[in-house]
């Protein structure tokens, strides 16, 4: 079946950050997405990155000029007061130093010797994190690298959702690392880790977790590892062992059953955001959830339904997606950010590509690639068209014309008016999604914007104010979206420029995200 033949490709896309970093350099198995890209890609297309900023004003409308006269949410730190002139605008192109010839010499090739060096560096970084987790943290969920000890749910503070939404006291890091071990070619450690999971992990826990996080991190990882163990095509060689009896699939099924109460007693079919793995939906659960959290379950739930022969999981996930889709604006076709699951009323009317919405779009297209359901692609295409009409700002062409290069902003879902002047690091997934949709030219352009920010700061700030060209939120929690987009652009174009981008990202993480004993990139 189509989903079965394509699932390994999607498995690779959801690997942990260390795995994707390794894949960025084009050193892993080739991946074909079923699209033929006919474009003359060369360094000239990246001229927008390499031009020197001469300090002249554009004759066309810039991003900041487009928002003057519009109403949007203002804060003292990001927006000029009424009557003030906006701050001088500087194109992000100026974040790159040097002339075009210098960049052409640097980016036009990536020697095999450098590939080998970077592959070794990525492998060392992975094992630095993995080995220290196993030494200091297992069976806890993750390693606290500052204190060099394991960390699980914050049982003393149930309201600490930053920790408790993700950590469920189920050896999260070990489960999330299984497929990475195979990609790195470590079959023996993969088999040992699988046995550890089988012998030690149980979901019969008094842990309240976010449905979305448990799905993408735990359910997805268990399904991925099970498929890699049992796939008759053996994409990573003979990795199974004789006494494996589908235990990972049984664990995945058990977890999914424990997540199902989130879909019960909701008037819209949109699930509650959290469940207790032992008791179900907590009595004090809120009735609000974000679009991405409720609408990004279909890949894992759909595959599980096919593996266990029970359509329930895919059915509830599809019902949630359809319910959200029906709530989109009749005027713009856009969805909001946060919705009440009982009334169907939008709590947050912001529509964008970042936090709270990002993976909703991603899962529509990837579900279509996996399952071939035309409904998924129709929804994605309609959403993509609305995004282009209402969120895209800047000149019409990426490389030509007047004004700033394209940018996707946060807008009101009903009016399309700009609501604020920041983007967040999660939005860096979108160039990769554009590649999967065959829109490679626009993916190249948007990726260049995020790479320019990375070059300036050595990471993507969690929020970046595109009007002030400065971070609004300063931290970077090791998000992999930029890496995935870089990997997919390299696969689509085979241009060595993207290997250099991958190297920059890898070196930044090694320099900025590593502590004395253990690595934050675990």
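A Cβ is built for glycine as well, from the same backbone N, Cα and C atoms used for every other residue.
What TrEMBL says about a protein is an automatic prediction, not a curated fact.
The Cβ of residue 213 (active site, proton donor) lies under 8 Å from the Cβ of 165, 166, each of these being in the same chain and 6 or more residues away along the sequence. Residues or ranges marked as active site, proton donor in TrEMBL: 213 (among others).
The active site annotation in TrEMBL covers 358 (among others). Long-range neighbours of residue 358 (active site) (same chain, six or more residues apart, CB within less than 8 Å of its CB): 292, 426, 427, 429, 430, 481.
Annotation source TrEMBL lists active site, proton donor at 462 (among others). Same-chain residues at least 6 positions away in sequence with a Cβ under 8 Å from that of residue 462 (active site, proton donor) are, in sequence order, 424, 425, 471, 473, 474, 475, 476, 477.
Here TrEMBL flags 481 (among others) as active site.
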